[in-house]
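A quick write-up on the structure given underneath.
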Amino acid sequence: MSEDNSQGRDYTLESDSELRFEIEQKDVKVLVTLVNGFAELFGTELVKKKKYEFGMGAKVAIFTYQGCVLHVQGKMDVCYVSKETPMVQYVNCHAALEQFRQEAEEKDACGPVAMVVGPMDVGKSTLCRILLNYAVRVGRRPLYADIDVGQGAIAIPGNVATILIERPASIEEGFPKTAPLVYHFGHKSPSGNSVLYNAVVSKMAEVTLNSLSGNKRTQSSGIIVNTCGWVKGSGYAHLLHAARAYGAKAIFVLDQERLYNELLRDVPPNVHVVLLPKSGGVVERSKELRHESRDQRIKEYFYGNIRAPFYPFSFEVKFQDLRLYKIGAPPLPDSCMPIGMKAEDNKTKVVAVTPTQSLLHHILALSFAENTDDDVIGTNVAGFCCVTNVDMDRQAVMLLSPQPRPLPPNALLLWSELQFMDNHA
């Protein structure tokens with residue numbers, strides 16, 4: 001039900017309740033001000049008397065433990081106050097993780113790795129944000145690992161990534177995405193190349209776990225891992241693989257009892273598996289909306305947003321100067337493979353790509369690997385560019401890039417199935 005608060009309206013929230021609203025229309029903004037009391041958005045505290053602006057696509061749930069008054073101005077598609085909220089259970093999860101962190105601190109050991117799992121559209125990314133914010137608010141510096149290649153909470157979709165969280169997320173923009181550790185996968189779902197997906201998850205887990213020992217505060221703070229919404233069949237096998245790779249101490253299962261019971265059966269008994277309800281404010285997204293969300297993430301990578309716009313560069317690169325590869329060769333039966341190789345080895349093979357018109361609109365990852373003799377899969381990426389034109393007559397491509405020309409020396413580019421139509425004026 002649409003609600004027009006053009007003149008502004010005050011909402012009085014009782015303790016342990018939340019104001020939820022959604023904005024679906026373009027060119028609409030909603031301003032929210034905390035008038036009195038205490039309130040938070042996904043674990044980040046609102047500052048009293050400060051105006052917060054939300055635009056199209058916003059799905060907001062402002063929660064209060066003690067009660068508050070919020071002033072809201074603008075047109076929303078949905079707006080209501082709810083007392084039915086799982087926030088108390090979520091803060092209990094934070095308290096349990098904090099206990100593990102204190103034990104790790106005393107023993108000079110690594111803090112807990114907590115995985116958040118569940119089907120699509122149950123609020124996994126939101127729970128990760130809440131747990132990370134609560135950790136930072138008590139002085140921790142956790143790592144945030146995102147292995148959901150479909151949406152991309154840290155890097156653009158089609159990649160796995162990790163960042164260090166040192167301060168609470170901004171109310172309007174989330175966590176700063178500075179200096180992420182990013183590994184190229186190149187597909188929208190782990191099903192695009194299951195062998196490669198497990199390989200990049202294992203590599204990122206190895207690197208991040210090793211990095212914990214470099215800083216005592218981060219070491220005891222541990223890691224929060226956000227996962228894909230594919231939880232059946234091979235998707236479930238990927239979850240088990242990630243739990244082993246990271247040595248998960250806790251697995252928080254959102255809104256699916258079947259998955260909870262399967263994990264109880266299959267993970268070691270020292271792993272704490274906890275079933276949690278999803279929030280009533282979680283919105284189920286259509287395929288079209290998920291596609292739009294992916295496009296928006298890629299657009300923000302190149303162009304930023306209204307508050308912090310970026311101005312990318314376009315430049316031409318000749319085919320002869322393009323060192324372009326993809327990971328994964330077409331499948332062959334075992335009988336056709338060289339002696340000692342299996343068919344699945346082809347899934348991680350680095351194959352040269354000949355530029356053709358089919359490259360148009362594809363995302364390319366710029367690897368830190370300098371040649372294919374390096375461990376390309378196990379080498380992180382520096383950034384991304386997009387093919388905006390392919391000129392077969394001139395044997396050249398036009399690239400959209402955050403950095404000006406030229407490409408770095410020995411630049412090795414990795415093909416991704418992700419595409420972006422650059423319609424930016």
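Quick reminder: no glycine exception, Cβ is built from N, Cα and C everywhere.
What Swiss-Prot says about this one:
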BINDING   Glu18, Lys59, Asp121, Val122, Gly123, Lys124, Ser125, Thr126  ATP binding site
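Distribution of Swiss-Prot features across the structure.
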residue: Glu18; record: ATP binding site; Cβ within 10 Å: 23
residue: Lys59; record: ATP binding site; Cβ within 10 Å: 18
residue: Asp121; record: ATP binding site; Cβ within 10 Å: 17
residue: Val122; record: ATP binding site; Cβ within 10 Å: 23
residue: Gly123; record: ATP binding site; Cβ within 10 Å: 25
residue: Lys124; record: ATP binding site; Cβ within 10 Å: 27
residue: Ser125; record: ATP binding site; Cβ within 10 Å: 17
residue: Thr126; record: ATP binding site; Cβ within 10 Å: 21
Measuring Cα to Cα across Glu18, Lys59, Asp121, Val122, Gly123, Lys124, Ser125, Thr126, which the record gives as the ATP binders, how far apart are the two most distant ones in Å? 19
Where Glu18 (ATP binding site) falls in three-state DSSP terms: strand
